[in-house]
Amino acid sequence: MSKEKFERTKPHVNVGTIGHVDHGKTTLTAAITTVLAKTYGGSARAFDQIDNAPEEKARGITINTSHVEYDTPARHYAHVDCPGHADYVKNMITGAAQMDGAILVVAATDGPMPQTREHILLGRQVGVPYIIVFMNKCDMVDDEELLELVEMEVRELLSAYDFPGDDLPVVRGSALKALEGEAEWEAKIIELAGYLDSYIPEPERAIDKPFLLPIEDVFSISGRGTVVTGRVERGIVKVGEEVEIVGIKDTVKSTCTGVEMFRKLLDEGRAGENVGVLLRGIKREDIERGQVLAKPGSIKPHTTFESEVYILSKDEGGRHTPFFKGYRPQFYFRTTDVTGTIELPEGVEMVMPGDNINMIVTLIHPIAMDDGLRFAIREGGRTVGAGVVAKVIA
(Lines of atoms letter the chains of each structure in order from A and count residues from 1; the text may use other names and numbers.)
(Lines give C-alpha, C1' and ligand atoms only; values in the text may rest on other atoms or scores of the structure.)
Protein backbone atom coordinates (compact mmCIF):
# COMPACT_ATOMS: atom_id res chain seq x y z
CA MET A 1 0.00 0.00 0.00
CA SER A 2 1.52 3.32 -1.03
CA LYS A 3 0.31 5.18 2.10
CA GLU A 4 2.65 3.19 4.38
CA LYS A 5 5.65 4.16 2.29
CA PHE A 6 4.75 7.84 2.47
CA GLU A 7 4.48 7.78 6.29
CA ARG A 8 8.11 6.77 6.69
CA THR A 9 9.37 9.88 4.96
CA LYS A 10 7.82 12.17 7.59
CA PRO A 11 10.00 13.49 10.40
CA HIS A 12 9.60 11.35 13.52
CA VAL A 13 9.25 13.21 16.84
CA ASN A 14 9.00 11.78 20.38
CA VAL A 15 6.68 13.51 22.85
CA GLY A 16 4.85 12.69 26.07
CA THR A 17 2.31 13.95 28.58
CA ILE A 18 3.52 15.05 32.04
CA GLY A 19 1.73 16.63 35.01
CA HIS A 20 -0.10 16.02 38.28
CA VAL A 21 -2.16 12.88 38.94
CA ASP A 22 -5.81 13.16 37.77
CA HIS A 23 -5.25 16.36 35.80
CA GLY A 24 -6.17 14.45 32.64
CA LYS A 25 -2.92 13.29 31.01
CA THR A 26 -4.33 9.98 29.78
CA THR A 27 -7.65 11.52 28.72
CA LEU A 28 -5.69 14.09 26.70
CA THR A 29 -3.59 11.34 25.11
CA ALA A 30 -6.80 9.55 24.07
CA ALA A 31 -8.30 12.83 22.81
CA ILE A 32 -5.24 13.61 20.66
CA THR A 33 -5.32 10.20 18.95
CA THR A 34 -9.10 10.41 18.47
CA VAL A 35 -9.31 13.96 17.10
CA LEU A 36 -6.25 13.61 14.86
CA ALA A 37 -7.49 10.27 13.49
CA LYS A 38 -10.83 11.89 12.70
CA THR A 39 -9.17 14.92 11.08
CA TYR A 40 -6.10 13.50 9.33
CA GLY A 41 -6.62 9.73 9.31
CA GLY A 42 -4.90 7.13 11.48
CA SER A 43 -6.24 5.09 14.37
CA ALA A 44 -7.79 6.32 17.61
CA ARG A 45 -6.88 4.82 21.00
CA ALA A 46 -9.46 4.60 23.77
CA PHE A 47 -8.73 5.80 27.32
CA ASP A 48 -8.78 2.29 28.80
CA GLN A 49 -6.38 1.00 26.13
CA ILE A 50 -3.89 3.68 27.14
CA ASP A 51 -4.49 3.52 30.89
CA ASN A 52 -3.82 -0.21 30.95
CA ALA A 53 -0.12 0.36 30.38
CA PRO A 54 2.13 -2.64 29.79
CA GLU A 55 5.25 -3.20 31.88
CA GLU A 56 8.64 -2.61 30.31
CA LYS A 57 12.14 -3.01 31.56
CA ALA A 58 14.73 -0.26 31.11
CA ARG A 59 18.16 -0.66 32.75
CA GLY A 60 16.77 -3.37 34.98
CA ILE A 61 13.87 -1.23 36.20
CA THR A 62 10.24 -2.11 35.58
CA ILE A 63 8.20 0.80 34.24
CA ASN A 64 4.57 0.96 33.16
CA THR A 65 4.34 3.01 29.99
CA SER A 66 1.82 3.42 27.20
CA HIS A 67 3.03 4.25 23.72
CA VAL A 68 0.64 5.70 21.17
CA GLU A 69 1.31 7.06 17.70
CA TYR A 70 -0.42 9.75 15.70
CA ASP A 71 0.11 11.92 12.64
CA THR A 72 -0.26 15.53 11.69
CA PRO A 73 0.10 16.40 8.01
CA ALA A 74 3.72 17.41 8.71
CA ARG A 75 4.97 14.79 11.16
CA HIS A 76 4.68 11.38 12.77
CA TYR A 77 4.58 11.42 16.59
CA ALA A 78 5.40 8.70 19.10
CA HIS A 79 3.76 9.68 22.39
CA VAL A 80 4.39 8.20 25.83
CA ASP A 81 1.99 8.34 28.77
CA CYS A 82 2.53 6.80 32.22
CA PRO A 83 -0.20 5.73 34.63
CA GLY A 84 1.55 6.48 37.92
CA HIS A 85 3.80 9.22 39.27
CA ALA A 86 6.59 6.74 40.10
CA ASP A 87 6.52 5.55 36.48
CA TYR A 88 7.12 9.11 35.27
CA VAL A 89 10.07 9.54 37.59
CA LYS A 90 11.60 6.25 36.44
CA ASN A 91 10.83 6.90 32.78
CA MET A 92 12.40 10.34 32.74
CA ILE A 93 15.50 9.32 34.68
CA THR A 94 16.26 6.14 32.73
CA GLY A 95 15.51 7.85 29.43
CA ALA A 96 13.41 4.80 28.53
CA ALA A 97 11.26 7.16 26.50
CA GLN A 98 13.35 10.11 25.34
CA MET A 99 11.20 13.16 24.79
CA ASP A 100 11.95 15.81 22.17
CA GLY A 101 9.22 17.81 23.87
CA ALA A 102 6.54 17.36 26.52
CA ILE A 103 2.92 18.40 26.95
CA LEU A 104 2.41 19.60 30.52
CA VAL A 105 -1.21 18.99 31.54
CA VAL A 106 -2.59 21.29 34.25
CA ALA A 107 -6.23 21.18 35.35
CA ALA A 108 -7.72 24.68 35.26
CA THR A 109 -9.85 23.63 38.25
CA ASP A 110 -6.75 23.03 40.44
CA GLY A 111 -3.87 24.99 38.97
CA PRO A 112 -0.30 23.77 39.47
CA MET A 113 0.06 21.01 42.11
CA PRO A 114 3.09 19.31 43.74
CA GLN A 115 3.64 16.80 40.92
CA THR A 116 3.28 19.58 38.34
CA ARG A 117 6.32 21.16 39.96
CA GLU A 118 8.17 17.87 40.28
CA HIS A 119 7.64 16.94 36.63
CA ILE A 120 8.85 20.37 35.48
CA LEU A 121 11.96 20.03 37.66
CA LEU A 122 12.59 16.51 36.34
CA GLY A 123 12.12 17.78 32.81
CA ARG A 124 14.77 20.41 33.46
CA GLN A 125 17.17 17.92 35.07
CA VAL A 126 16.90 15.19 32.44
CA GLY A 127 16.98 17.59 29.52
CA VAL A 128 13.44 17.70 28.10
CA PRO A 129 14.09 20.62 25.75
CA TYR A 130 10.59 21.99 25.08
CA ILE A 131 7.33 22.15 27.04
CA ILE A 132 3.87 23.05 25.72
CA VAL A 133 1.08 23.59 28.27
CA PHE A 134 -2.40 22.14 27.93
CA MET A 135 -4.77 23.70 30.47
CA ASN A 136 -7.38 20.99 30.86
CA LYS A 137 -10.96 21.01 32.21
CA CYS A 138 -11.51 24.62 31.04
CA ASP A 139 -15.16 23.70 30.37
CA MET A 140 -15.60 23.52 34.16
CA VAL A 141 -14.35 27.06 34.83
CA ASP A 142 -16.73 29.89 33.87
CA ASP A 143 -14.59 32.67 35.27
CA GLU A 144 -12.22 34.07 32.62
CA GLU A 145 -10.14 35.78 35.33
CA LEU A 146 -9.55 32.47 37.07
CA LEU A 147 -8.25 30.96 33.80
CA GLU A 148 -5.92 33.95 33.40
CA LEU A 149 -4.67 33.42 36.94
CA VAL A 150 -3.97 29.70 36.45
CA GLU A 151 -2.15 30.40 33.17
CA MET A 152 -0.02 33.05 34.86
CA GLU A 153 0.83 30.67 37.71
CA VAL A 154 1.89 27.91 35.31
CA ARG A 155 4.01 30.30 33.24
CA GLU A 156 5.74 31.61 36.40
CA LEU A 157 6.43 28.08 37.61
CA LEU A 158 8.00 27.13 34.26
CA SER A 159 10.14 30.29 34.29
CA ALA A 160 11.33 29.42 37.80
CA TYR A 161 12.82 26.21 36.35
CA ASP A 162 14.49 27.95 33.38
CA PHE A 163 11.86 27.20 30.77
CA PRO A 164 10.71 30.24 28.72
CA GLY A 165 7.47 30.61 30.67
CA ASP A 166 6.48 33.91 29.05
CA ASP A 167 6.86 32.64 25.50
CA LEU A 168 5.85 29.00 25.41
CA PRO A 169 2.44 28.01 24.01
CA VAL A 170 -0.52 27.49 26.36
CA VAL A 171 -3.69 25.87 25.00
CA ARG A 172 -6.94 26.08 26.99
CA GLY A 173 -9.06 23.03 26.37
CA SER A 174 -11.09 20.13 27.65
CA ALA A 175 -9.77 16.67 26.81
CA LEU A 176 -13.00 14.98 27.90
CA LYS A 177 -15.25 17.24 25.80
CA ALA A 178 -12.94 16.80 22.81
CA LEU A 179 -13.09 13.03 23.28
CA GLU A 180 -16.90 13.26 23.36
CA GLY A 181 -16.78 14.99 19.98
CA GLU A 182 -17.73 18.58 20.84
CA ALA A 183 -16.46 20.69 17.95
CA GLU A 184 -15.26 23.76 19.89
CA TRP A 185 -13.09 21.55 22.12
CA GLU A 186 -11.89 19.36 19.24
CA ALA A 187 -10.55 22.57 17.70
CA LYS A 188 -8.35 23.01 20.80
CA ILE A 189 -6.75 19.61 20.18
CA ILE A 190 -6.00 20.65 16.59
CA GLU A 191 -4.50 23.87 18.01
CA LEU A 192 -2.31 21.79 20.34
CA ALA A 193 -1.18 19.59 17.43
CA GLY A 194 -0.28 22.75 15.52
CA TYR A 195 2.00 23.79 18.39
CA LEU A 196 3.62 20.35 18.47
CA ASP A 197 4.50 20.91 14.80
CA SER A 198 5.66 24.51 15.12
CA TYR A 199 7.15 24.82 18.63
CA ILE A 200 9.15 21.58 18.91
CA PRO A 201 11.99 21.65 16.37
CA GLU A 202 12.76 18.56 14.35
CA PRO A 203 15.26 16.54 16.44
CA GLU A 204 18.78 16.11 15.15
CA ARG A 205 19.25 12.53 13.97
CA ALA A 206 21.93 10.40 15.64
CA ILE A 207 23.80 10.12 12.35
CA ASP A 208 24.18 13.91 12.06
CA LYS A 209 25.80 14.27 15.50
CA PRO A 210 29.58 14.09 16.12
CA PHE A 211 31.01 10.56 15.96
CA LEU A 212 31.06 8.51 19.18
CA LEU A 213 31.68 4.80 19.73
CA PRO A 214 31.72 3.27 23.24
CA ILE A 215 34.54 0.71 23.25
CA GLU A 216 33.42 -2.81 24.15
CA ASP A 217 36.47 -4.85 23.20
CA VAL A 218 40.08 -4.41 22.09
CA PHE A 219 42.08 -6.82 19.93
CA SER A 220 45.57 -6.88 18.55
CA ILE A 221 45.91 -8.10 14.96
CA SER A 222 49.49 -8.98 14.10
CA GLY A 223 50.84 -6.92 11.23
CA ARG A 224 47.81 -4.61 11.25
CA GLY A 225 47.62 -3.05 14.68
CA THR A 226 44.92 -2.56 17.28
CA VAL A 227 41.19 -2.94 16.63
CA VAL A 228 38.43 -1.67 18.92
CA THR A 229 34.87 -2.94 18.58
CA GLY A 230 31.52 -1.52 19.62
CA ARG A 231 28.25 -0.07 18.38
CA VAL A 232 28.49 3.42 16.90
CA GLU A 233 26.28 5.55 19.18
CA ARG A 234 26.16 8.59 16.92
CA GLY A 235 27.74 10.10 13.82
CA ILE A 236 29.96 8.51 11.18
CA VAL A 237 33.63 7.49 11.22
CA LYS A 238 35.46 7.37 7.89
CA VAL A 239 38.73 5.65 7.07
CA GLY A 240 41.57 8.18 7.27
CA GLU A 241 39.86 10.42 9.85
CA GLU A 242 41.47 11.47 13.10
CA VAL A 243 39.76 10.23 16.29
CA GLU A 244 40.29 10.67 20.03
CA ILE A 245 40.29 7.96 22.69
CA VAL A 246 38.58 9.56 25.71
CA GLY A 247 37.99 8.53 29.32
CA ILE A 248 39.70 6.62 32.18
CA LYS A 249 43.22 7.65 31.05
CA ASP A 250 44.62 10.77 29.36
CA THR A 251 43.00 11.57 26.02
CA VAL A 252 45.00 10.21 23.06
CA LYS A 253 44.68 11.00 19.35
CA SER A 254 44.86 8.36 16.62
CA THR A 255 43.78 7.80 13.03
CA CYS A 256 41.17 5.32 11.85
CA THR A 257 42.95 3.18 9.25
CA GLY A 258 40.11 0.73 8.64
CA VAL A 259 36.49 -0.07 9.47
CA GLU A 260 35.10 -3.57 9.30
CA MET A 261 31.72 -5.17 9.85
CA PHE A 262 31.11 -8.94 9.67
CA ARG A 263 34.70 -9.36 8.42
CA LYS A 264 34.07 -7.06 5.46
CA LEU A 265 36.07 -3.87 5.00
CA LEU A 266 34.05 -0.66 4.78
CA ASP A 267 34.81 3.00 4.04
CA GLU A 268 32.89 4.15 7.10
CA GLY A 269 30.95 3.10 10.20
CA ARG A 270 27.57 4.73 10.85
CA ALA A 271 25.32 5.30 13.89
CA GLY A 272 23.65 2.04 14.92
CA GLU A 273 26.24 -0.27 13.33
CA ASN A 274 28.43 -2.75 15.20
CA VAL A 275 31.92 -2.25 13.82
CA GLY A 276 35.60 -2.86 14.37
CA VAL A 277 37.81 0.21 13.99
CA LEU A 278 41.51 -0.22 13.24
CA LEU A 279 43.68 2.42 14.93
CA ARG A 280 47.12 3.61 13.87
CA GLY A 281 50.00 3.61 16.35
CA ILE A 282 48.01 2.43 19.36
CA LYS A 283 49.15 -0.47 21.54
CA ARG A 284 46.65 -3.02 22.82
CA GLU A 285 47.44 -2.04 26.42
CA ASP A 286 46.90 1.70 25.79
CA ILE A 287 43.18 1.29 25.39
CA GLU A 288 40.39 -0.43 27.32
CA ARG A 289 36.69 -1.13 27.51
CA GLY A 290 34.81 1.85 28.95
CA GLN A 291 36.70 4.44 26.95
CA VAL A 292 35.08 5.98 23.88
CA LEU A 293 36.31 6.68 20.38
CA ALA A 294 35.12 10.14 19.35
CA LYS A 295 35.48 13.00 16.91
CA PRO A 296 38.35 15.15 18.26
CA GLY A 297 37.16 17.85 20.67
CA SER A 298 33.54 16.65 20.68
CA ILE A 299 33.48 15.14 24.19
CA LYS A 300 35.61 15.59 27.30
CA PRO A 301 36.39 13.33 30.27
CA HIS A 302 34.87 14.34 33.63
CA THR A 303 34.81 12.98 37.19
CA THR A 304 32.31 15.19 39.07
CA PHE A 305 28.72 15.88 38.13
CA GLU A 306 25.28 16.67 39.51
CA SER A 307 22.81 13.86 38.87
CA GLU A 308 19.16 12.98 39.23
CA VAL A 309 18.85 9.40 40.47
CA TYR A 310 16.11 6.82 41.10
CA ILE A 311 16.93 4.14 43.68
CA LEU A 312 15.20 0.80 43.10
CA SER A 313 12.74 -0.43 45.70
CA LYS A 314 13.20 -3.78 47.41
CA ASP A 315 10.40 -5.25 45.24
CA GLU A 316 12.27 -4.19 42.11
CA GLY A 317 15.31 -6.18 43.22
CA GLY A 318 17.04 -3.17 44.74
CA ARG A 319 18.54 -2.60 48.18
CA HIS A 320 16.59 -3.61 51.29
CA THR A 321 18.10 -0.84 53.39
CA PRO A 322 18.76 2.88 52.98
CA PHE A 323 22.20 4.28 52.20
CA PHE A 324 23.93 7.27 53.78
CA LYS A 325 26.58 9.79 52.85
CA GLY A 326 29.89 8.05 52.18
CA TYR A 327 28.10 5.39 50.08
CA ARG A 328 30.52 4.13 47.38
CA PRO A 329 28.79 2.08 44.69
CA GLN A 330 29.81 1.51 41.06
CA PHE A 331 28.45 3.79 38.35
CA TYR A 332 27.94 1.94 35.09
CA PHE A 333 28.49 4.22 32.08
CA ARG A 334 27.93 2.73 28.60
CA THR A 335 30.22 -0.31 28.86
CA THR A 336 31.98 -0.15 32.22
CA ASP A 337 31.68 0.30 36.00
CA VAL A 338 33.55 3.10 37.78
CA THR A 339 33.53 3.49 41.57
CA GLY A 340 32.31 6.84 42.84
CA THR A 341 31.42 8.69 46.03
CA ILE A 342 28.23 10.65 46.58
CA GLU A 343 27.25 13.93 48.19
CA LEU A 344 23.61 14.23 49.29
CA PRO A 345 21.64 17.51 49.25
CA GLU A 346 21.65 19.72 52.34
CA GLY A 347 19.41 18.29 55.04
CA VAL A 348 19.15 14.81 53.48
CA GLU A 349 20.67 12.21 55.80
CA MET A 350 19.70 9.00 54.04
CA VAL A 351 18.13 7.68 50.85
CA MET A 352 15.48 4.95 50.98
CA PRO A 353 14.87 2.29 48.32
CA GLY A 354 12.18 3.69 45.97
CA ASP A 355 13.31 7.33 46.40
CA ASN A 356 14.43 9.71 43.71
CA ILE A 357 17.14 12.14 44.71
CA ASN A 358 19.50 14.78 43.37
CA MET A 359 23.11 14.02 44.23
CA ILE A 360 26.65 15.01 43.34
CA VAL A 361 28.87 12.13 42.24
CA THR A 362 32.67 12.06 42.13
CA LEU A 363 34.20 9.17 40.17
CA ILE A 364 37.67 7.70 40.81
CA HIS A 365 38.40 7.73 37.02
CA PRO A 366 37.20 10.26 34.45
CA ILE A 367 34.52 9.16 31.96
CA ALA A 368 33.66 10.78 28.62
CA MET A 369 30.39 12.55 29.38
CA ASP A 370 27.93 15.26 28.40
CA ASP A 371 24.83 16.46 30.25
CA GLY A 372 22.03 13.96 29.65
CA LEU A 373 24.21 10.82 29.77
CA ARG A 374 22.38 7.91 31.47
CA PHE A 375 24.00 5.50 33.92
CA ALA A 376 23.14 2.64 36.26
CA ILE A 377 24.18 2.39 39.91
CA ARG A 378 25.42 -1.08 40.77
CA GLU A 379 26.68 -3.06 43.74
CA GLY A 380 28.66 -6.13 42.78
CA GLY A 381 27.10 -6.28 39.32
CA ARG A 382 23.52 -5.89 40.59
CA THR A 383 21.59 -2.79 39.52
CA VAL A 384 20.33 -0.79 42.50
CA GLY A 385 19.55 2.50 40.78
CA ALA A 386 19.45 4.53 37.60
CA GLY A 387 20.52 8.07 36.96
CA VAL A 388 21.19 10.84 34.50
CA VAL A 389 23.95 13.44 34.40
CA ALA A 390 22.06 16.70 35.02
CA LYS A 391 25.14 18.92 34.95
CA VAL A 392 28.85 18.26 34.55
CA ILE A 393 30.86 20.02 37.30
CA ALA A 394 34.51 19.02 36.72
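Each Cβ is built from the backbone N, Cα and C atoms, and glycine gets one as well.
Listed ranges 60-64, 95-99, 190-194, 195-199; the one Swiss-Prot annotates as region 'G2' is 60-64. Within the listed segments 136-139, 336-339, 352-355, Swiss-Prot records region 'G4' for the stretch 136-139. According to Swiss-Prot, the feature region 'G3' maps to residues 81-84, out of the candidate ranges 49-52, 81-84, 181-184, 221-224. In the three-state DSSP scheme, CYS82 (GTP binding site) is classed as coil. Tallying C-beta pairs under 8 angstroms between the region 'G2' (60-64) and each of 19-26, 81-84, 136-139 places 81-84 first.
In this structure, the binding-site residues under consideration are GLY19, HIS85, and the one with the smallest number of other Cβ atoms within 10 Å of its Cβ is HIS85. Residues 47, 50-51, 66, 81, 83-85, 104-107, 110, 112-116, 119, 136-137, 175-176 of the same chain lie 6+ residues outside the region 'G1' (19-26) yet bring a C-beta within less than 8 angstroms of a C-beta in it. Beyond the ends of the region 'G3' (81-84), by six or more residues, the same chain brings 16-17, 21, 25-26, 29, 50-51, 53, 63-66, 68, 91 to within a C-beta distance below 8 angstroms of the stretch.
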